[in-house]
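> Grabbed the feature section from TrEMBL, which reads as follows:
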DOMAIN    14-693  domain 'Myosin motor'
BINDING   G107, E108, S109, G110, A111, G112, K113, T114  ATP binding site
REGION    570-592  region 'Actin-binding'
DOMAIN    845-1010  domain 'TH1'
Amino acid sequence: IMWTTWTSLLDDMIGVGDMVLLEPLNEDSFINNLKKRFDHNEVYTYIGSVVISINPYRSLPIYTPEKVEEYRNRNFYELSPHIFALSDEAYRSLRDQDKDQCILITGESGAGKTEASKLVMSYVAAVCGKGAEVNQVKEQLLQSNPVLEGKNLSEYGKYMDIEFDFKGDPLGGVISNYLLEKSRVVKQPRGERNFHIFYQILSGASEEFLCKLKLERDFSRYNYLGLDSARVNGVDDASNFRTVRNAMQIVGFMDHETQSVFEVVAAVLKLGNIEFKPESRANGLDESKIKDKNGKMRLEICELTGIDQSVLERAFSFRTVEAKQEKVSTTLNVAQAYYARDALAKNLYSRLFSWLVTRINESIKAQTKVRKKVMGVLDIYGFEIFEDNSFEQFIINYCNEKLQQIFIELTLKEEQEEYIREGIEWTHIEYFNNAIICDLIENNQTGILAMLDEECLRPGTVTDDTFLEKLNQVCATHQHFESRMSKCSRFLNDTSLPHSCFRIQHYAGKVMYQVEGFVDKNNDLLYRDLSQAMWKANHSLIKALFPEGNPAKINLKRPPTAGSQFKASVATLMKNLQTKNPNYIRCIKPNDKKAAHVFNEALVCHQIRYLGLLENVRVRRAGYAFRQPYEPCLERYKMLCKQTWPHWRGPARAGVEVLFNELGIPEEEFSFGRSKIFIRNPRTLFKLEDLRKQRLEDLATLIGKIYRGWKCRTRFLLMKKCQIIIASWYRRYSQQQKYQKIKSSAITVQSYIRGWKVSFLSLQLSLFEEMQKYFLEMKNKMPSLSPIDKNWPARPYLFLDSTHKELKRIFHLWRCKKYRDQFTDQQKLIYEEKLEASELFKDKKALYPASVGQPFQGAYLEISENPKYKKLKDAVDEKIIIAEVVNKINRANGKAASRIFLLTKNNVLLADQKSGTIKSEVPLGDVTKVSMSSQNDGFFAVHLKEGSEAASKGDFLLSSDHLIEMATKLYRTTLSQTKQKLNIEISDEYVSCLLKSAFASMQLAKKSSV
């Protein structure tokens, strides 16, 4: 099933994308909806065609070139809320419908107004035409922003007209109105800083450039710079200074012009450091003098401005008043001198700013005189409601009242025009008309600004208190004016309203103004002496900023007041806006800390009130809350009706009528226009959305089920067809392969057999020759016949490896046999005894290695030949195997006695060495064990069978130099006679065993004596 895809801001909507659809509509639900969207990085929300922008204080990936293309040429409500949607709508209306546009951006400082204006201009620059000339114009327009931002905090606002040709390509621009808060030069509100350019110069200028400007990098050296907010997190003043200089170069400033601008800025900073001291004159009046010990400060300021020191000093000490043909010169006291200094600093800065605006306009203005289309961008501060509100807050709130008035008028006008265009009956909408507040402020006879101007111009003593008295007289009965000193008795006991204040009930709420400073700020006087001193400067730019200082052009007429100038500017602005189609962006800052992910509900609520956003929603939804062309409406909801699903063949309006009748929506909830359906209540729209969501889930389930069945059936049929084809081809292929394999195998077997026969015969012949050669070489390389010779010739071929090893083994066995055949029987017996000794004592007795080289003699005593042992010889009638002198250890006292140890075939005998008398005779069968230690000693013990006659005296503990030989022969003789192996125990524990045996023998001897 295929159909056209229509997107909408209702798709995947977080919270409510358009506040007109919010239910219920109240302040809490309004704030909660903004917070919910803010937490999900949705910083834009609509009120109809108005965009609410919340500053995220971080970079978001929603301003990429891909996003620009996504919103390009798309319907306003087609995608999720975005500033690009409003920019595209305004640009296309200007290009395609030939309607001049104006984008009004409001909000307080830090809400992102300047960033919003940049985004609007960058979007328009991205979607309009291309080309070298067009690109240059776009770059100049974009770079005019940084130049003015450095000089101003956007504290009041700016208005810029961008001019386009009939194709929609930019031709140039004009900054026609800019409202500057010049009082900020000399004094800043708590927590805020002076204009950016001061900090940018001190942070980003090179040491050489600072030296030329007579400046030092330390902020604390300048009285005009507030130190509590000098550094701002996330603001790189040094980088911004480089941006400003680069922007000035792109816009078209010459090098000497840039130098002159920064010299004037430096002079303003230096002026703030001038201090005054009083000096008494002869006539008794106080005169102010500049407090400068070494004159360095005066010299630096005069070098920067090109003014003679004496001229500057006189301008700060005297004031000349001219009336007709008379001139009166009076001295200035210290307070008046400080006022003159601050007035000069403010005028220098504000006039420099006006010059910059004029200079930029010269660079960016359209060069052709063809008819132009215009898009205005107004970046202006919203309502100000502070703890202390003065003249600046009063005039900006007046401007916002006028903007609110035009907003309501144009919004209602737009609604009425759409209703008439669609053929829907227009019903009167009740709303608060703030024209009465505007009249309170701007009325030429009884307005507050008129009263202020009248008070400033009248002769006599004029103070802020006299101004308040006049207000109390003229405005006392006005329902939006409140003062404790007025004739209206209802505020006499209002302690929240001080006597020196008055309160105005604006559309955004009540604001209390302190009258202190109203008169001075409205006068905004600059003494003529200072103007003339500036005109005398050798600095071309400063001279141009003060044309009234020219003595040839002296004008005795009093200059217009700040209030009247502002009123005229607002009137011009309103007249300009009336000729254009308005587009609104309301900027909100979520917190005062400029921190990401922080949403302060109280602060946001305050801004919602003074921006009048709830009032905007109520006006917008007073008639119908939602409207949509028939085609997208039918496409979005056609699945809710069987008659319109999946395709409607008739007109879209007829389809929508059938759809709404089928759904049973009450007729009072909607109306049919010529091209749009109008829905009165948001609940009706949300009901449609809920039904659509449920139906989409059902359709998704149905489509999924049908698709899975179709997919499985198609796959099965395809697999079945493939299986048949594959099986037939495989059987054919298998038989062919089997035949080829059998044939190939037969050929291979035949070839292998023939080859094997040939190679076998060849191999036999070759092998025979190699074997013959091998045996002949072996004959010539035979090693010696010594059994210990390990030499053996290397094998010539690997295949002879096993044969070679076998021959080596056979030869060695043969060689050993030949060697053994040389021995006599006596030699064989000796070697057998040595071999036996090796098996018994090797690696067990430390004495063994020394005995290996000693021959076993056996008869170490010549018994038969020595007459001394004749008696012993006669007593022994057997063959003596061993005759050796040993030491017998006495078990009682450990003393050693020499004894003759005799071993015969059947007995072991111990005889006295001197007399030859036999002391002990033990049959070999009674000897059970011979034990010895593993050490290098000759001690050994002969253990006797218990219960034997010889055992009555205990085991023998003997010591001999021929221990290994004696033990070996005793072992062999015992094995020969008894057919049992004698136990030879080699252990370091044998001594303890002997002691136990000796103890047992002693006990047995005692019993025998008893």
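Backbone N, Cα and C define each Cβ position, glycine as well.
Are these features on the surface or tucked inside, and what touches them?
Other C-beta atoms found within 10 angstroms of the C-beta of G107 (ATP binding site) number 27, with every protein chain shown included.
Counting only same-chain residues 6+ beyond the ends of the region 'Actin-binding' (570-592), those with a CB under 8 A from a CB of the stretch are 34, 38, 47, 49-57, 83, 86, 89-90, 93, 99-108, 110-113, 116, 120, 159, 176-177, 374, 376, 378, 382, 398-399, 402, 406-407, 410, 598-600, 603-604, 607-608, 611, 613.
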> Can you count the other CB atoms that lie within 10 A of the CB of A111 (ATP binding site)?
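The answer is 23 other Cβ atoms.
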> Tell me, if you would, which residue among G110, G112 (binding-site residues) has the fewest other CB atoms within 10 Å in the structure shown?
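The binding-site residues G110, G112 were compared, and G110 has the fewest Cβ atoms within 10 Å.
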> So which one is it: of the binding-site residues S109, T114, which has the fewest other Cβ atoms within 10 Å?
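Comparing Cβ neighbours within 10 Å for the binding-site residues S109, T114, S109 has the fewest.
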> As a test of reading the model: what is the averaged pLDDT for the region 'Actin-binding' (570-592)?
88
> Could you tell me how many residues in the region 'Actin-binding' (570-592) are helical, how many are strand and how many are coil under DSSP?
9 helix, 8 strand, 6 coil
> Radius 10 Å, atoms counted are CB only; among the binding-site residues E108, K113, which position scores highest?
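Result for the most crowded candidate: K113.
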